[in-house]
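What Swiss-Prot lists as domain 'J' is 5-69. Among the features that Swiss-Prot reports, zinc finger is placed at 141-223, with the record citing sequence analysis. Positions annotated as repeat 'CXXCXGXG motif' by Swiss-Prot: 154-161, 171-178, 197-204, 211-218. Annotated Zn(2+) 1 binding site per Swiss-Prot: C154, C157, C211, C214, in sequence order, evidence recorded as sequence analysis. What Swiss-Prot records for C171, C174, C197, C200 is Zn(2+) 2 binding site, and it gives sequence analysis as the kind of evidence.
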Amino acid sequence: MAQEDYYKVLGVDRDASDQEISKAYRKLAKKYHPDLNHEPGAEEKYKQVNEAYEVLHDKQKRAQYDQFGSAGVNGQGGFGGAGQGFGGAGFDTSGFGDFGDIFGDIFGQGARQQRVDPTQPQRGQDLDYTLTIDFMDAINGKKTQVSYTRDETCETCGGNGCEKGTHPITCDKCHGTGVMTVTQQSMLGMIRRQTTCDKCNGRGVIIEHPCKTCGGKGTVERKNTIEVDIPAGIDNGQQLRYQGQGEAGRNGGPYGDLYISYRIKPSKDFERRGQNIYTEVPISFAQATLGDEITVKTVHGDAKLTIPAGTQPNKKFTLRGQGVPYLRGNGNGDQITTVNIVIPKHINDKQKEDLTNFVHDGGGNITPQEKGFFERLKDKLSGE
């Protein structure tokens, strides 16, 4: 829109005051904002309005524009993602209270920050804790103790932070709200922003005679130990909530919660995938050929596994119900056991003869391996 007249875009005269320019901008910004106006061309018009305002509300840019036109401010216009809504334009509305301008008009009461009475009971903060447990404890469950530090209500003052016989007084700077309202000039006009009161630090009250035990905080840091009942079947990374085991609340508010994340040590014998357990077990060539009944380890103890005759390498067998318990009951997962057939590296002459006959009886043939240089030399020296 380099050829567009910025004054015409905003609908103001060339001698318009800053207040008139800001007023015109707010009106047009609300009219063409893409979150509110979905008509074709509205977004482009919104960008033009922002580009015009970006130049005309700045005295230096406006003077350059009046003298040289758009060439005088080339590359300085634009609004940096204005078509993305107010969040995309770089505004953080979380720190604003009563806007009293474009934000309040567009979004209504929803754009106003909800004030919380700092003197009312407030729930304590939640805490996070990581508990590392053994593999088998995760399978079978276990009771254990967990110790950690947390802020607890001061027993001396009962949590109000004051010496016995005294009481907090309302902050005379924020009048008990815990926040101060600051008015600032912006491209959108005057915006009121709320900040934490620097006199009472957001508490809304002043403690003239602080408790000697807690120093006026109302809480003291202490070690807390609880008994944790680890449920059978807990998985790696799962998190459980323990109600009321977090930080102390303020002004008599309830304690927060403790969230324990479980980290499970690996096992050298078992691999867990969900509710199933995976293992490997070696068997001999004879067991695979003739069949056998073997004993295998499971997470619940030893179990019998029947190896049928003619079992092939890497055959998988499923042991029903020998896996991980489901947290909500309803039985267990399975154990999948893979058999690895172990080929002997050394056999005696009798075993070699028996195997050769076995192959010949089956119609097969074995080609003897050619002797190496050192074996031939050894035979020659020995007269063979």
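Note that Cβ sites are derived from N, Cα and C of the backbone, with glycine treated the same way.
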Which stretch from 154-161, 171-178, 211-218 shares the most C-beta pairs under 8 Å with the repeat 'CXXCXGXG motif' (197-204)?
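Against the repeat 'CXXCXGXG motif' (197-204), the leading stretch is 171-178.
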For the Zn(2+) 2 site (C171, C174, C197, C200), what does the 8 A shell look like? I mean other same-chain residues with CB within 8 A of the CB centroid.
K173, H175, G176, T177, G178, V179, M180, D198, K199, N201, G202, R203, G204, V205, I206
Among all the protein chains here, how many other CB atoms are within 10 A of the CB of C200 (Zn(2+) 2 binding site)?
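Step by step: centre on the Cβ of C200 (Zn(2+) 2 binding site), count other Cβ atoms within 10 Å, giving 23.
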Using a Cβ cut-off of under 8 Å, list the residues of the same chain at least 6 residues beyond the repeat 'CXXCXGXG motif' (154-161) that approach it.
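Contacts with the repeat 'CXXCXGXG motif' (154-161): 167-168, 207, 210-214, 216-220, 248, 250-252.
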For C211 (Zn(2+) 1 binding site) and C200 (Zn(2+) 2 binding site), determine the Cα separation and express it in whole Å.
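On Cα coordinates alone, these residues lie 16 Å apart.
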Could you measure between C154 (Zn(2+) 1 binding site) and C200 (Zn(2+) 2 binding site) for me? Cα positions, answer in whole angstrom.
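About 20 Å separate the Cα atoms of these two residues.
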Would you list, in sequence order, the residues of this chain other than C154, C157, C211, C214 that have their CB within 8 A of the centroid of the site's CB atoms, where the site is the one recorded for Zn(2+) 1?
E155, T156, G158, G159, N160, G161, C162, P210, K212, T213, G215, G216, K217, G218, T219, V220
With helix taken as DSSP H, G or I, strand as E or B and everything else coil, how many residues of the zinc finger (141-223) land in each class?
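Taking each residue of the zinc finger (141-223) in turn, the totals are 0 helix, 39 strand, 44 coil.
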Please list, for the domain 'J' (5-69), how many residues fall into helix, strand and coil according to DSSP.
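Grouping H, G, I as helix and E, B as strand yields 46 helix, 0 strand, 19 coil.
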How far is it from C157 (Zn(2+) 1 binding site) to C200 (Zn(2+) 2 binding site), counting Cα to Cα, in Å?
19
To the nearest whole angstrom, what is the C-alpha distance linking C171 (Zn(2+) 2 binding site) and C214 (Zn(2+) 1 binding site)?
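On Cα coordinates alone, these residues lie 20 Å apart.
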Taking the Cβ of C154 (Zn(2+) 1 binding site) as the centre, how many other Cβ atoms fall within a 10 Å radius?
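Within a 10 Å radius of the Cβ of C154 (Zn(2+) 1 binding site) lie 20 other Cβ atoms.
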